[in-house]
Amino acid sequence: MITNAISKIIKYDFKNTQLLNEALTHPSVLSKDNNNFNYERLEFLGDAVLNLVVSEMLFNIFPYDTEGNLAKKKTALVCGTKLVEIAQSINLGIFIIMSDGERSCGGANNSNNLENALEALIGAIYLDGGLKAAKDFIFLFWKNSATHMKVPPQDAKTILQEWAQSKGFPAPSYHIINKSGPDHNPCFTVEVRINSHETLHATGHNKKLAEQKAASLMLAKINYKIK
């Protein structure tokens, strides 16, 4: 069974397997009973839990780091590139439930799908087992990278721009293609384009965050690994 297979990989057994199913369900799957039965809500929660746990982890690992250095390290550990890297390491794509159309278009290997499903999985673990369970999962897959961070890494946009310059390409361009939600909680969709590479989209609660996430996805697309 899928539940048993993924539980062995993530070292966590769900008490409520419905939460796991929801975390692994892509929005392309339409439910007759609940149109919201997909990973989007859990992704929202998981993103917040991941940021909290990684922040505390870095705070304890690096007691003498400045706020600025801690922030840079956290950015590298929660960026799209790192999420995709971890999702691929546990073969998360093969467990994502999606429509035949989405799968035939490479949905199981799509960076955005992997990133979203991993955050949703964290959210599901948090709801099922509490903060302790979520921390155990995050420590299992993130602590090694956090511990071996020697120099504060650059943000994804800076890394992408330097990569483009090293290839003789023009600087990446970012454009807001959609803004939705209420004024107090907006959601921006940003498109990034670089040379001949396809455009990629990412969303965030502000323009800066959406651009960083788009840059992270592009780095994952070109197989650039943040050390």
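Note that Cβ sites are derived from N, Cα and C of the backbone, with glycine treated the same way.
From a predicted model like this one, the values you see are computed outputs, not experimental measurements.
Per Swiss-Prot, active site is recorded for Asp47, Glu119. The Mg(2+) binding site annotation in Swiss-Prot covers Glu43, Asn116, Glu119. What Swiss-Prot records for 3-130 is domain 'RNase III'. Annotation source Swiss-Prot lists domain 'DRBM' at 155-224.
Report note: the Mg(2+) site is defined by Glu43, Asn116, Glu119, and the residues of the same chain whose CB lies within 8 Å of the CB centroid of those residues, excluding them, are Tyr39, Glu40, Leu42, Phe44, Gly46, Asp47, Glu115, Ala117, Leu118, Ala120, Gly123. For the domain 'DRBM' (155-224), DSSP puts the residue distribution at 26 helix, 24 strand, 20 coil.
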